[in-house]
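The structure appears right after this line, and notes come after that.
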Amino acid sequence: MDKHHHHQMPLTKSASRQRYNEWVFRDVPSDITIEVDGAIFSLHKFPLVSRSGRIRRLVAEHRDSDISRIELVSLPGGSESFELAAKFCYGVNFEITSSNVAQLCCVSDYLEMSEDHSKNNLGSRAEEYLDSIVCKNLEMCVEVLRQSENLLPLADELKIVSRCIDAVASKACVEQIASSFSRLEYSSSGRLHMSKQANCEGDWWIEDLSVLRIDLYQRVITAMKFRGVRPESIAASLVSYAQKELIQKSISGSKEKLVVETIVSLMPVEKFVVPLSFLFGLLRSAVMLDCNAACRLDLERRIGSQLDIATLDDILIPSFRHAGDTMFDVDTVHRILVNFSQQEGDSDDEMEDVSVFESDSPTATPSQTALFKVSKLVDNYLAEIAPDANLKLNKFIAVAETLPAHARSVHDGLYRAIDVYLKAHLTLSDLDKRRLCKSIDFQKLSQEAGAHAAQNERLPLQSIVQVLYFEQLRLRNALFCSYPDDDIKPMHQSWRINSGALSAAMSPKDNYASLRRENRELKLELARMRMRLNDLEKDHVCMKRDMQKSSSRRFMKSFSKRIGKKFNIFGHSSSRESTNSPSRHSERTDSKITDRT
């Protein structure tokens, strides 16, 4: 068939007679009327029955009538497709293109325009164009797929869709392989390596596939993954498709829900391939649209695996479901943290099979570094949600205690968040306050935070006693380091408390590295103490000689009294001062620590 370009317009009922009158035999009276979707065509039997087996069979049923009237019900492509088929029967030239070849394949099958009824018929001509032209061009394949959306399920039965999908996936894979070979180059040392290049450069289909309907898009991406297309390219296409469907287009909630669930199901399994911000965006949409549980749990698991690079804005997910509930979706964040903790635990379990002597580095493992980052993130998150009056105590505690004990090296952030919660929930019972403050390891408070906690009237009395105890230990350690000729046993007891609390929950590799570091520090400290002891012995001899000369024993007596007062924190003489000090200094210190944070 000659492929002369024929500009096509949609065929309406009012314009149908005017359109077909341009190419039918004007000097021969019509003897058959065809109705398709309300459009009427007054045509001639002979050219139609010579090409179409279906029309030949229908005409045979109306032999007794001079003029037959036939209605073609559910013709694929409607009146526009029938007009093209009728033109072919009349020998009118028009161009087969990627925009109409799917219609021609389907309408020729419906009208039975095959080689069985006429040589070189419409069906074989359309099939030839599809196989020899369309399937060798990715852009044309995408166009045919787009046109096939309204021709299902017939386009599927004729394998139009599957052929185009296979062609797109195969061609994209071949192009990426060719691109990889073109990036091979020799280094200065003579070794063959891959030159640096953007992962998705040259993948034109990333944008072009966004025009497809979600069901066909899903089939294309699935085929690409099966063929081995790079996961980075798959992820980039998913992001592009989501932006067009969920942001740029105004679609219904049910379709939007289907898009989110499908995109999540198509995401590559490789870690860090899909941007974390995109995952959080999908999760917000999934929560708002009430997507199925599998979709939400998959997103939470993916986010949990890379939570250490998340920001506070990422995890502040609004609560969409119940107006009287919390401002933020705390349950979702808690599940993400559980996923993170479990994965951290899995990595620790895997490390047990590795010899602890393989590394002599005292630095923290990546797993431990991730824990520290997430612990800061959690503490900031708790401080952000703490003022919510509807936030239940159990939920707050559950989030605070999700991470293992060794995740926080300093508890200042957690203390700050709990103090904010206490401010916003003044009606808490003393029992609830004690439950809340059990999460804090007061020994891991900085000196400034410890001073604030010691005077914080919002804390339960038991917590204040713990703070004062650890503050006393800190003071004694400082004094014994300054005067090593005294009994240094309390200092070692305090050191054991520090190291033991931390190492109990550590993984074997982290624990070993921590012990090696502490041993080195202890040896250095002992060496320094020996040097200071020698210096002090010399000073002691000189001081004793000077004291004998000056007979100043009153100086030593005064010095002993000052030291005694320092150690008499729980004594009777200072009990009243200890009791009154929080109320006296609470407001001043509170503004210094808590308000600043």
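From the backbone N, Cα and C atoms, a Cβ is placed for every residue, glycine too.
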TrEMBL annotation of coiled coil - which of the ranges 92-126, 302-336, 512-546 it falls on
512-546
Kindly report the helix/strand/coil residue split of the domain 'BTB' (30-98) according to DSSP, in that order.
26 helix, 14 strand, 29 coil
Mean predicted confidence [pLDDT] for the domain 'BTB' (30-98)
89
